[in-house]
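All remarks here apply to the structure that follows.
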């Protein structure tokens, strides 16, 4: 008994007499093209007869597919008729009236006085003929030749040549059986000889692998680098600091009392750390502790100030820079991750990025601060920005900064203010004033790129990454730093 590939065996079973290969493929739930290799194999082995016949057939054009879905102009025109008292009226204001009338002329349809008016019996006969023509668009094989010729003139269908393949079994189906297809054999198959009854599936190494879209840079990393470029273009110098910070730089140096609610465990990640910790200079510990005890009127704890935490704000980095540089005229910024015990939702995350900056110099005012904030916002492409009065422990006066999101409306993305003397003086800054701000870059990216869920900034979906990168490229090409030198 001859052993055949299962697909070839199924063709032979179904083709005891001449059958169209398309019909056999449909019964097997396969495409006719995928069966061709088995048809050729059957012919080569002499178990299958094959005949090919070239025929002319009609197929829908793109316009034909549209008309099949939306309706022929004359069909839509007639369906808009209003019938009353045995008369049917169609207004010539119909958008397809011109084309419809050209195709209805053979029925004797003529406009008069801005309308087409027909007795209802005539209207029904014409509509029935047009409906039949409309149905043929979904079943071209049953359409009369004159209808097909009309469709061809209207470029609704086109005539093409197709090769029809007919197959017929050359041997009784009982004389063959299907093989068991294997992609691998075991040592037991070889030892028992079962491998002789298997059909090993060949691997065609010449087949090209499927194309996969080229990877794109991560849009959010590109955005962060761009913000860095903008800040440097505005004359700022970048500074950096540790993610694992002591409470002193994260809170105490910013005149945030040690019993402030923001320092509770529900707002700060406290770290159990047995490694070395870089303590702040002794003179700063003493100066900051003295200001806390004098102004907040409580016993300041040096031990608490040295507790390790994951930084909750990148102001910890800029306050370090201020302590190191002291008085003078300079502008610094930092970009980095911060951490807070937030519940993850479309607007909040327990880990996000901040842009922090300070401008140091004598005679700086609140007006300078708002001007600097507006300058940065416009450099990043945010055209609609609002400021609202706010309170922060370490700045006065203070504002919250909002920008308009296309879906979420006005979204707060940062705070700003002028450092209080209780912050600057313990650090040795007495002649200068310090403008300071901290902005949430995740929310800014959402605003600029039209993203309404903060979790999408870290998506791993390749399709979404390509979509958001395309938005980034569009934004980047239309907005941003022009290389100009900006001054306060």
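Going from the start of the chain as shown, residues are counted 1 onward.
Glycine too: its Cβ is placed from the backbone N, Cα and C atoms.
Swiss-Prot names 315, 354, 355, 356, 419 for binding L-phenylalanine. Of 387, 392, 394, the residue it gives for the same site is 394. Binding-site extent for L-phenylalanine: residues 315, 354, 355, 356, 394, 419, maximum pairwise Cα distance 18 Å (rounded to the nearest whole number).
Neighbour count (other Cβ atoms within 10 Å of the Cβ, all protein chains): 25 for residue 356 (L-phenylalanine binding site). Neighbour counts were taken at the CB atom with a 10 A radius for the binding-site residues 315, 354; the maximum falls on 315. Secondary structure at residue 419 (L-phenylalanine binding site), as computed by DSSP, is strand. Counting only residues at least six positions away in the same chain, the Cβ atoms of 322, 358, 394, 395, 433, 434, 435, 436 sit under 8 Å from the Cβ of residue 419 (L-phenylalanine binding site).
Counting neighbouring Cβ atoms within 10 Å of each of the binding-site residues (355, 394), the lowest count belongs to 394.
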